[in-house]
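One structure below.
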Amino acid sequence: MDYLCFRTLCCKGPPSPRPEYDLVCIGLTGSGKTSLLSRLCSEATDNIGPTTGFSIKAVPFQNAVLNVKELGGADSIKKYWSRYYQGSQGVVFILDSASTDEDLEMARTELHSALQHPQLCTLPFLILANHQDKPAARTTQEVGDWRVLILT
């Protein structure tokens, strides 16, 4: 009996692994995808440039790990986004809230396309309005109105 008590107290074994979730992060060039992921990973954000192709970052949280595939937002890369969707369990769409109306319309088109893609249409989407600290940033209400227009 003493052995059982000792084993229970001292030999719990390795902690159970944290669950991992695969996400895809998309948005136009300059929306802040790399900066966001770098901050979440406690990495420097001083010399960040446009992502060429894609990058993968493991974002650790206390109870889970998010494996995020960040896809570059340049026109030459967007046409390949769908090749990276397979296996995703969620989508993060980054919007530059200080972008021009023209860029906002392009972002809207890309988001609408992603929402309709067969590999993404059933997944949870997080739409993040980045660059709220810039003077030209749209208000929360304006971003909300834009979001409603997309989903209708």
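Just so it is clear, glycine is given a Cβ too, placed from its N, Cα and C backbone atoms.
A TrEMBL annotation is a machine prediction, not a hand-curated record.
The GTP binding site feature in TrEMBL is assigned to G27, L28, T29, G30, S31, G32, K33, T34, G73, N130, H131, Q132, D133. The Mg(2+) binding site annotation in TrEMBL covers T34, T51.
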Packing count at D133 (GTP binding site) (other Cβ atoms within 10 Å of its Cβ):
8
At a 10 Å cut-off from the C-beta of S31 (GTP binding site), count the other C-beta atoms across all protein chains.
25
Enter the number of other CB atoms within 10 angstroms of the CB of T51 (Mg(2+) binding site).
18
Integer Cα-Cα distance in angstrom, T34 (Mg(2+) binding site) to H131 (GTP binding site):
13
Sequence-distant neighbours of G73 (GTP binding site) in its chain (C-beta under 8 A, six or more apart):
I26, G27, L28, T29, G30, S31, K33, P50, T51
Cβ-Cβ distance under 8 Å to H131 (GTP binding site), same chain, at least six residues away:
S31, G32, D96, S97, A98, S99, A137
For the GTP binding site, please report the maximum Cα-Cα distance among G27, L28, T29, G30, S31, G32, K33, T34, G73, N130, H131, Q132, D133 in Å.
21
